[in-house]
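Features reported for this protein in Swiss-Prot:
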type: BINDING; residues: 11-17, 39-41, ARG311, 337-339, 419-421; note: GTP binding site
type: BINDING; residues: ASP12, GLY39; note: Mg(2+) binding site
type: BINDING; residues: ASP12, GLU13, GLY14, LYS15, ASN37, ALA38, GLY39, HIS40, THR134, ARG148, ASN230, THR245, ARG309; note: IMP binding site
type: ACT_SITE; residues: ASP12; note: active site, proton acceptor
type: ACT_SITE; residues: HIS40; note: active site, proton donor
type: BINDING; residues: VAL305, THR306, THR307, GLY308, ARG309, LYS310, ARG311; note: substrate binding site
Amino acid sequence: MVNVVLGSQWGDEGKGKLVDILVSHYDVVARCAGGNNAGHTIVVDGVKYDFHMLPSGLVNPNCKNLLGNGVVIHIPSFFKELETLESKGLNDARGRLFISSRAHLVFDFHQRTDKLRELELAGRSKDGKNIGTTGKGIGPTYSTKASRSGLRVHHLVNDNPGAWELFESRYRRLLETRKQRYGDFDYDAEEELNRFKQYKESLKPFVVDSVDFLHKSIANNEKILVEGANALMLDIDFGTYPYVTSSNTGIGGVITGLGIPPQKIQEVYGVVKAYTTRVGEGPFPTEQLNEQGEKLQSIGAEFGVTTGRKRRCGWLDLVLLKYSTLINGYTSLNITKLDVLDTFTEIPVGVSYKYKGETLNSFPEDLLTLGNVEVEYVTLPGWNQDITQIKKYDDLPENAKKYLKFIEDFVKVPVQWVGTGPARDSMLEKQI
(Lines of atoms letter the chains of each structure in order from A and count residues from 1; the text may use other names and numbers.)
(Lines give C-alpha, C1' and ligand atoms only; values in the text may rest on other atoms or scores of the structure.)
Protein backbone atom coordinates (compact mmCIF):
# COMPACT_ATOMS: atom_id res chain seq x y z
CA MET A 1 0.00 0.00 0.00
CA VAL A 2 1.33 3.42 -0.98
CA ASN A 3 -0.23 6.64 0.35
CA VAL A 4 0.97 10.14 -0.47
CA VAL A 5 1.04 13.47 1.37
CA LEU A 6 1.20 16.50 -0.96
CA GLY A 7 1.15 20.25 -0.49
CA SER A 8 -1.74 21.89 -2.28
CA GLN A 9 -0.70 25.56 -2.28
CA TRP A 10 2.74 27.23 -2.35
CA GLY A 11 4.35 25.12 0.36
CA ASP A 12 4.59 25.54 4.14
CA GLU A 13 1.14 23.97 4.58
CA GLY A 14 2.23 21.66 7.40
CA LYS A 15 2.88 18.41 5.53
CA GLY A 16 5.49 17.28 8.02
CA LYS A 17 3.07 17.36 10.92
CA LEU A 18 0.60 15.10 9.12
CA VAL A 19 3.42 12.75 8.17
CA ASP A 20 4.54 12.72 11.79
CA ILE A 21 1.04 11.76 12.92
CA LEU A 22 0.72 9.06 10.28
CA VAL A 23 4.18 7.44 10.44
CA SER A 24 3.33 5.15 13.33
CA HIS A 25 1.08 3.27 10.88
CA TYR A 26 3.76 2.92 8.17
CA ASP A 27 6.85 0.83 7.58
CA VAL A 28 8.54 3.18 5.10
CA VAL A 29 8.54 6.97 4.57
CA ALA A 30 10.00 8.16 1.26
CA ARG A 31 10.81 11.53 -0.26
CA CYS A 32 10.55 11.77 -4.03
CA ALA A 33 11.73 15.26 -5.07
CA GLY A 34 13.52 18.43 -4.02
CA GLY A 35 16.49 18.74 -1.73
CA ASN A 36 17.26 20.79 1.35
CA ASN A 37 15.26 23.71 -0.07
CA ALA A 38 12.15 22.98 1.96
CA GLY A 39 11.70 22.77 5.69
CA HIS A 40 9.33 21.91 8.47
CA THR A 41 9.47 21.48 12.23
CA ILE A 42 8.12 18.56 14.24
CA VAL A 43 7.74 18.65 18.02
CA VAL A 44 7.97 15.31 19.85
CA ASP A 45 7.87 15.18 23.67
CA GLY A 46 8.80 18.84 23.78
CA VAL A 47 11.82 18.45 21.49
CA LYS A 48 11.84 20.41 18.22
CA TYR A 49 13.25 18.66 15.16
CA ASP A 50 13.90 20.72 12.04
CA PHE A 51 13.78 18.78 8.78
CA HIS A 52 15.04 20.14 5.47
CA MET A 53 16.15 17.18 3.36
CA LEU A 54 15.65 14.09 5.49
CA PRO A 55 12.27 12.31 5.75
CA SER A 56 10.41 13.17 8.94
CA GLY A 57 9.60 9.49 9.43
CA LEU A 58 12.91 9.38 11.32
CA VAL A 59 11.00 10.40 14.47
CA ASN A 60 9.34 6.95 14.42
CA PRO A 61 11.91 4.36 15.62
CA ASN A 62 10.17 1.57 13.67
CA CYS A 63 10.18 3.32 10.30
CA LYS A 64 12.63 3.04 7.39
CA ASN A 65 13.27 6.26 5.49
CA LEU A 66 14.29 6.76 1.87
CA LEU A 67 15.53 9.67 -0.23
CA GLY A 68 14.38 8.64 -3.70
CA ASN A 69 15.98 9.02 -7.10
CA GLY A 70 14.12 12.28 -7.69
CA VAL A 71 15.77 13.96 -4.70
CA VAL A 72 18.95 16.00 -5.20
CA ILE A 73 21.45 15.63 -2.38
CA HIS A 74 24.05 18.03 -1.02
CA ILE A 75 26.18 15.58 0.94
CA PRO A 76 27.58 18.06 3.51
CA SER A 77 24.03 19.23 4.31
CA PHE A 78 22.85 15.60 4.51
CA PHE A 79 25.39 14.77 7.22
CA LYS A 80 24.94 18.09 9.03
CA GLU A 81 21.18 17.58 9.28
CA LEU A 82 21.63 13.97 10.37
CA GLU A 83 24.14 14.93 13.06
CA THR A 84 21.84 17.70 14.33
CA LEU A 85 18.96 15.23 14.66
CA GLU A 86 21.25 12.75 16.43
CA SER A 87 22.32 15.45 18.88
CA LYS A 88 18.64 15.80 19.82
CA GLY A 89 18.20 12.12 20.56
CA LEU A 90 17.52 10.35 17.23
CA ASN A 91 20.50 8.06 17.79
CA ASP A 92 19.23 5.13 15.72
CA ALA A 93 18.61 7.17 12.56
CA ARG A 94 21.61 5.82 10.62
CA GLY A 95 20.25 2.30 10.55
CA ARG A 96 16.89 3.47 9.17
CA LEU A 97 17.95 6.02 6.56
CA PHE A 98 18.64 5.19 2.92
CA ILE A 99 19.57 7.09 -0.25
CA SER A 100 18.78 6.09 -3.82
CA SER A 101 21.89 5.31 -5.83
CA ARG A 102 20.21 7.17 -8.70
CA ALA A 103 19.80 10.47 -6.81
CA HIS A 104 21.82 13.39 -8.20
CA LEU A 105 24.52 15.20 -6.24
CA VAL A 106 24.46 18.90 -5.41
CA PHE A 107 27.91 20.49 -5.35
CA ASP A 108 28.91 23.77 -3.76
CA PHE A 109 29.36 25.31 -7.20
CA HIS A 110 25.71 24.53 -7.92
CA GLN A 111 24.85 26.67 -4.90
CA ARG A 112 27.25 29.42 -5.98
CA THR A 113 25.82 29.60 -9.48
CA ASP A 114 22.27 29.42 -8.10
CA LYS A 115 22.86 32.79 -6.46
CA LEU A 116 24.65 34.20 -9.52
CA ARG A 117 21.75 33.14 -11.71
CA GLU A 118 19.27 34.80 -9.35
CA LEU A 119 21.18 38.08 -9.53
CA GLU A 120 21.36 37.79 -13.30
CA LEU A 121 17.61 37.25 -13.63
CA ALA A 122 16.86 40.15 -11.29
CA GLY A 123 19.07 42.38 -13.42
CA ARG A 124 17.20 41.40 -16.57
CA SER A 125 13.70 41.86 -15.20
CA LYS A 126 11.93 45.18 -15.58
CA ASP A 127 10.96 45.36 -11.93
CA GLY A 128 14.20 43.95 -10.53
CA LYS A 129 12.36 41.02 -8.96
CA ASN A 130 13.82 37.54 -8.78
CA ILE A 131 12.35 34.05 -8.63
CA GLY A 132 13.01 33.74 -4.90
CA THR A 133 15.37 30.77 -4.92
CA THR A 134 16.63 29.43 -1.60
CA GLY A 135 20.17 29.41 -3.03
CA LYS A 136 20.62 25.73 -2.17
CA GLY A 137 21.70 24.74 -5.69
CA ILE A 138 18.53 22.80 -6.43
CA GLY A 139 17.74 24.44 -9.79
CA PRO A 140 21.29 24.17 -11.21
CA THR A 141 21.46 20.51 -10.15
CA TYR A 142 18.20 19.66 -11.89
CA SER A 143 19.52 21.60 -14.88
CA THR A 144 22.65 19.44 -15.11
CA LYS A 145 20.47 16.37 -14.59
CA ALA A 146 18.27 17.36 -17.54
CA SER A 147 21.32 18.04 -19.71
CA ARG A 148 22.69 14.58 -18.79
CA SER A 149 25.91 16.03 -17.40
CA GLY A 150 25.21 15.61 -13.68
CA LEU A 151 26.74 13.17 -11.23
CA ARG A 152 24.69 10.66 -9.26
CA VAL A 153 25.28 8.99 -5.91
CA HIS A 154 26.39 5.72 -7.52
CA HIS A 155 29.15 7.58 -9.38
CA LEU A 156 30.62 8.57 -6.01
CA VAL A 157 30.40 5.25 -4.14
CA ASN A 158 31.44 3.05 -7.09
CA ASP A 159 34.45 0.83 -6.26
CA ASN A 160 35.16 -0.36 -9.79
CA PRO A 161 38.66 0.35 -11.15
CA GLY A 162 38.84 3.85 -12.60
CA ALA A 163 35.54 4.94 -11.00
CA TRP A 164 37.05 7.78 -8.95
CA GLU A 165 39.05 9.04 -11.92
CA LEU A 166 35.84 9.11 -13.97
CA PHE A 167 34.02 10.94 -11.16
CA GLU A 168 36.80 13.53 -10.94
CA SER A 169 36.87 14.01 -14.70
CA ARG A 170 33.12 14.55 -14.92
CA TYR A 171 33.20 16.87 -11.93
CA ARG A 172 35.88 19.07 -13.53
CA ARG A 173 34.03 19.13 -16.83
CA LEU A 174 30.82 20.11 -15.05
CA LEU A 175 32.58 22.88 -13.13
CA GLU A 176 34.18 24.17 -16.32
CA THR A 177 30.79 24.52 -18.02
CA ARG A 178 29.60 26.54 -15.01
CA LYS A 179 32.62 28.84 -15.30
CA GLN A 180 32.10 29.26 -19.02
CA ARG A 181 28.55 30.31 -18.27
CA TYR A 182 29.14 32.59 -15.27
CA GLY A 183 32.79 33.60 -15.59
CA ASP A 184 35.86 32.36 -13.76
CA PHE A 185 34.45 32.77 -10.23
CA ASP A 186 36.76 32.00 -7.32
CA TYR A 187 36.27 28.36 -6.37
CA ASP A 188 38.42 25.69 -4.70
CA ALA A 189 37.70 22.57 -6.73
CA GLU A 190 40.50 20.55 -5.11
CA GLU A 191 39.07 21.14 -1.64
CA GLU A 192 35.61 19.96 -2.69
CA LEU A 193 36.97 16.91 -4.49
CA ASN A 194 38.97 15.94 -1.40
CA ARG A 195 35.86 16.31 0.75
CA PHE A 196 33.81 14.10 -1.55
CA LYS A 197 36.57 11.49 -1.62
CA GLN A 198 36.31 11.37 2.17
CA TYR A 199 32.51 11.25 2.04
CA LYS A 200 32.62 8.17 -0.18
CA GLU A 201 33.08 5.62 2.61
CA SER A 202 30.77 7.47 5.01
CA LEU A 203 27.99 7.52 2.44
CA LYS A 204 28.15 3.87 1.35
CA PRO A 205 26.06 2.39 4.22
CA PHE A 206 23.12 4.61 3.24
CA VAL A 207 23.06 3.82 -0.49
CA VAL A 208 20.53 1.38 -1.95
CA ASP A 209 18.94 0.52 -5.27
CA SER A 210 15.73 2.38 -4.48
CA VAL A 211 13.62 0.61 -7.10
CA ASP A 212 14.53 -2.77 -5.63
CA PHE A 213 14.12 -1.39 -2.09
CA LEU A 214 10.60 -0.03 -2.66
CA HIS A 215 9.25 -2.87 -4.77
CA LYS A 216 10.41 -5.43 -2.21
CA SER A 217 8.54 -3.40 0.40
CA ILE A 218 5.43 -3.42 -1.79
CA ALA A 219 5.75 -7.18 -2.41
CA ASN A 220 6.05 -7.71 1.36
CA ASN A 221 2.83 -5.73 1.92
CA GLU A 222 4.67 -3.03 3.81
CA LYS A 223 2.90 0.29 4.17
CA ILE A 224 4.67 3.14 2.38
CA LEU A 225 4.05 6.83 2.96
CA VAL A 226 5.41 9.31 0.42
CA GLU A 227 6.28 12.72 1.84
CA GLY A 228 5.93 15.37 -0.84
CA ALA A 229 8.19 18.42 -0.87
CA ASN A 230 7.14 21.99 -1.67
CA ALA A 231 3.65 22.02 -3.20
CA LEU A 232 1.66 21.89 -6.43
CA MET A 233 1.84 25.64 -7.11
CA LEU A 234 5.64 25.35 -7.13
CA ASP A 235 5.60 22.49 -9.65
CA ILE A 236 7.84 23.08 -12.67
CA ASP A 237 4.96 22.25 -15.04
CA PHE A 238 1.77 23.18 -13.18
CA GLY A 239 2.92 25.91 -10.80
CA THR A 240 3.15 29.68 -11.32
CA TYR A 241 6.07 29.35 -13.73
CA PRO A 242 8.78 30.68 -13.62
CA TYR A 243 8.25 31.39 -9.90
CA VAL A 244 8.50 27.70 -9.12
CA THR A 245 11.02 25.09 -8.04
CA SER A 246 12.85 22.90 -10.56
CA SER A 247 11.10 19.58 -9.98
CA ASN A 248 7.65 18.04 -10.25
CA THR A 249 6.14 18.55 -6.83
CA GLY A 250 2.75 17.02 -7.62
CA ILE A 251 1.60 13.44 -8.05
CA GLY A 252 3.69 13.03 -11.21
CA GLY A 253 6.87 13.61 -9.21
CA VAL A 254 5.92 10.76 -6.89
CA ILE A 255 5.84 8.30 -9.76
CA THR A 256 9.02 9.46 -11.49
CA GLY A 257 10.88 10.30 -8.29
CA LEU A 258 10.47 6.85 -6.77
CA GLY A 259 9.72 4.46 -9.61
CA ILE A 260 6.31 3.51 -8.23
CA PRO A 261 3.53 2.78 -10.77
CA PRO A 262 0.33 4.81 -10.31
CA GLN A 263 -1.75 1.66 -9.74
CA LYS A 264 0.04 1.15 -6.42
CA ILE A 265 -1.04 4.52 -5.02
CA GLN A 266 -4.13 4.24 -2.84
CA GLU A 267 -4.69 7.53 -0.98
CA VAL A 268 -3.52 11.05 -1.81
CA TYR A 269 -3.76 13.44 1.13
CA GLY A 270 -3.81 17.13 0.20
CA VAL A 271 -2.51 19.45 2.89
CA VAL A 272 -4.17 22.88 2.86
CA LYS A 273 -3.42 25.84 5.09
CA ALA A 274 -6.69 27.45 6.27
CA TYR A 275 -5.48 30.65 4.62
CA THR A 276 -2.80 31.10 1.95
CA THR A 277 0.90 31.93 2.17
CA ARG A 278 3.77 32.17 -0.25
CA VAL A 279 7.52 32.84 0.01
CA GLY A 280 9.35 34.81 -2.65
CA GLU A 281 8.08 36.55 -5.73
CA GLY A 282 5.25 35.66 -8.09
CA PRO A 283 1.52 36.34 -8.39
CA PHE A 284 -0.66 35.80 -5.35
CA PRO A 285 -4.31 36.69 -6.10
CA THR A 286 -5.67 36.60 -2.54
CA GLU A 287 -2.66 38.30 -0.90
CA GLN A 288 -3.56 40.89 1.73
CA LEU A 289 -1.10 43.80 1.80
CA ASN A 290 -2.86 45.32 4.77
CA GLU A 291 -3.54 44.85 8.47
CA GLN A 292 -5.36 41.58 7.81
CA GLY A 293 -2.30 40.15 6.06
CA GLU A 294 -0.04 41.36 8.87
CA LYS A 295 -2.35 39.79 11.43
CA LEU A 296 -2.24 36.42 9.63
CA GLN A 297 1.55 36.67 9.44
CA SER A 298 1.92 37.53 13.12
CA ILE A 299 -0.52 35.00 14.59
CA GLY A 300 0.60 32.27 12.20
CA ALA A 301 4.33 32.94 12.85
CA GLU A 302 4.85 32.88 9.11
CA PHE A 303 8.61 32.64 8.72
CA GLY A 304 10.33 29.99 6.59
CA VAL A 305 12.11 27.13 8.41
CA THR A 306 14.85 26.89 5.76
CA THR A 307 15.33 30.55 4.81
CA GLY A 308 13.84 32.53 7.69
CA ARG A 309 12.08 34.70 5.12
CA LYS A 310 8.75 36.30 5.99
CA ARG A 311 5.87 34.63 4.18
CA ARG A 312 3.33 36.67 2.26
CA CYS A 313 -0.19 36.07 3.59
CA GLY A 314 -3.71 36.15 2.21
CA TRP A 315 -7.12 34.53 2.31
CA LEU A 316 -7.86 30.95 1.31
CA ASP A 317 -8.00 30.65 -2.48
CA LEU A 318 -10.45 27.93 -3.51
CA VAL A 319 -9.88 28.55 -7.22
CA LEU A 320 -6.28 27.55 -6.66
CA LEU A 321 -7.24 24.61 -4.44
CA LYS A 322 -9.69 23.27 -7.02
CA TYR A 323 -6.97 23.44 -9.69
CA SER A 324 -4.55 21.66 -7.36
CA THR A 325 -7.18 19.00 -6.67
CA LEU A 326 -7.76 18.37 -10.39
CA ILE A 327 -4.08 17.60 -10.92
CA ASN A 328 -3.20 15.69 -7.76
CA GLY A 329 -6.49 13.86 -7.26
CA TYR A 330 -6.72 14.27 -3.50
CA THR A 331 -8.81 11.64 -1.77
CA SER A 332 -9.03 13.70 1.43
CA LEU A 333 -7.77 16.98 2.85
CA ASN A 334 -5.87 18.08 5.94
CA ILE A 335 -6.79 21.69 6.78
CA THR A 336 -3.98 23.14 8.90
CA LYS A 337 -3.62 26.17 11.18
CA LEU A 338 -7.36 26.70 11.49
CA ASP A 339 -6.68 28.24 14.91
CA VAL A 340 -4.92 31.20 13.26
CA LEU A 341 -8.39 32.37 12.18
CA ASP A 342 -9.83 32.22 15.73
CA THR A 343 -10.00 35.99 16.23
CA PHE A 344 -11.29 37.02 12.81
CA THR A 345 -14.93 38.17 12.92
CA GLU A 346 -15.32 37.66 9.17
CA ILE A 347 -13.28 35.37 6.91
CA PRO A 348 -13.32 36.01 3.15
CA VAL A 349 -12.66 33.03 0.86
CA GLY A 350 -11.71 33.43 -2.81
CA VAL A 351 -14.18 31.53 -5.03
CA SER A 352 -13.63 32.86 -8.57
CA TYR A 353 -11.38 35.02 -10.72
CA LYS A 354 -12.45 37.74 -13.10
CA TYR A 355 -10.20 39.14 -15.79
CA LYS A 356 -11.25 42.17 -17.82
CA GLY A 357 -14.76 41.77 -16.47
CA GLU A 358 -15.17 38.10 -17.43
CA THR A 359 -15.14 35.13 -15.08
CA LEU A 360 -12.32 32.70 -15.87
CA ASN A 361 -13.27 29.06 -16.33
CA SER A 362 -9.84 27.66 -15.47
CA PHE A 363 -6.73 28.58 -13.52
CA PRO A 364 -4.64 30.88 -15.76
CA GLU A 365 -1.19 29.72 -16.80
CA ASP A 366 -0.22 33.22 -17.93
CA LEU A 367 1.21 35.32 -15.12
CA LEU A 368 0.16 38.60 -16.69
CA THR A 369 -3.39 37.34 -16.41
CA LEU A 370 -3.03 35.76 -12.97
CA GLY A 371 -1.31 38.84 -11.58
CA ASN A 372 -4.21 41.05 -12.64
CA VAL A 373 -7.28 39.00 -11.83
CA GLU A 374 -10.05 40.36 -9.66
CA VAL A 375 -10.85 37.84 -6.94
CA GLU A 376 -14.49 37.34 -6.03
CA TYR A 377 -14.95 36.44 -2.38
CA VAL A 378 -17.59 34.82 -0.24
CA THR A 379 -17.36 36.12 3.32
CA LEU A 380 -17.99 33.54 6.02
CA PRO A 381 -18.63 34.32 9.70
CA GLY A 382 -15.78 33.72 12.12
CA TRP A 383 -16.13 31.80 15.37
CA ASN A 384 -14.28 34.16 17.76
CA GLN A 385 -13.26 31.30 20.00
CA ASP A 386 -9.98 29.66 20.98
CA ILE A 387 -10.00 26.19 19.43
CA THR A 388 -6.49 25.12 20.47
CA GLN A 389 -7.73 23.01 23.40
CA ILE A 390 -10.47 21.20 21.48
CA LYS A 391 -9.81 17.47 21.14
CA LYS A 392 -12.74 16.28 19.00
CA TYR A 393 -13.93 17.45 15.61
CA ASP A 394 -17.55 17.51 16.75
CA ASP A 395 -16.63 20.00 19.49
CA LEU A 396 -15.46 22.65 17.04
CA PRO A 397 -17.56 25.84 16.93
CA GLU A 398 -20.40 25.64 14.41
CA ASN A 399 -18.93 28.42 12.27
CA ALA A 400 -15.59 26.62 12.13
CA LYS A 401 -17.36 23.49 10.91
CA LYS A 402 -19.27 25.58 8.36
CA TYR A 403 -15.97 26.98 7.10
CA LEU A 404 -14.63 23.46 6.61
CA LYS A 405 -17.87 22.30 4.99
CA PHE A 406 -17.68 25.21 2.54
CA ILE A 407 -14.23 24.00 1.46
CA GLU A 408 -15.44 20.41 1.09
CA ASP A 409 -18.43 21.41 -1.00
CA PHE A 410 -16.39 23.66 -3.27
CA VAL A 411 -13.61 21.19 -4.16
CA LYS A 412 -15.72 18.05 -3.63
CA VAL A 413 -13.12 16.37 -1.43
CA PRO A 414 -13.74 15.48 2.24
CA VAL A 415 -11.76 17.03 5.07
CA GLN A 416 -10.20 14.26 7.15
CA TRP A 417 -7.90 16.17 9.53
CA VAL A 418 -7.96 19.66 11.03
CA GLY A 419 -4.95 21.35 12.61
CA THR A 420 -5.81 23.42 15.69
CA GLY A 421 -2.37 24.39 17.02
CA PRO A 422 1.38 23.80 16.74
CA ALA A 423 1.62 20.81 19.09
CA ARG A 424 1.88 17.30 17.74
CA ASP A 425 -1.49 16.32 19.20
CA SER A 426 -3.25 19.47 17.95
CA MET A 427 -4.87 17.60 15.08
CA LEU A 428 -8.49 16.53 14.97
CA GLU A 429 -9.56 13.60 12.82
CA LYS A 430 -12.97 13.53 11.21
CA GLN A 431 -14.60 10.29 10.13
CA ILE A 432 -15.20 10.22 6.38
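Yeah, the Cβs are placed from backbone N, Cα and C, and that goes for glycine too.
Remember, predicted model here, so these are calculated numbers, not experimental data.
Feature annotations (Swiss-Prot) mapped to structure.
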residue	record	Cβ within 10 Å
GLY11	GTP binding site	30
ASP12	Mg(2+) binding site	26
GLY14	GTP binding site	24
LYS17	GTP binding site	26
ASN37	IMP binding site	27
GLY39	Mg(2+) binding site	20
GLY308	substrate binding site	8
LYS310	substrate binding site	12
LEU338	GTP binding site	25
THR420	GTP binding site	25
Local Cβ density at ASN230 (IMP binding site) - other Cβ atoms counted within 10 Å: 27
Which same-chain residues, if any, lie at least 6 apart from ARG311 (substrate binding site) yet have Cβ under 8 Å of it: ASP12, THR277, ARG278, VAL279, GLN297, GLU302, PHE303, GLY304
Nonlocal residues around ARG309 (IMP binding site), in sequence order (Cβ under 8 Å, 6 or more apart): VAL279, GLY280, PHE303
Recorded positions compared (HIS40, THR41) - the one with the fewest other Cβ atoms within 10 Å: THR41
GLY11, GLY39, GLY308, LEU338, THR420 filtered to the binding-site residues whose C-alpha is within 10 Å of ASN230 (IMP binding site): GLY11, GLY39
Binding-site residues near the residue listed as 'active site, proton donor' (Cα-Cα within 10 Å), from GLY14, LYS17, GLY308, LYS310, LEU338, THR420: GLY14, LYS17
Nearest-integer angstrom distance between the alpha carbons (Cα) of THR420 (GTP binding site) and ASN37 (IMP binding site): 26
Cα-to-Cα gap, GLY14 (GTP binding site) vs GLY39 (Mg(2+) binding site), nearest whole Å: 10
Between LYS17 (GTP binding site) and GLY308 (substrate binding site), the C-alpha gap once rounded to whole angstrom: 19
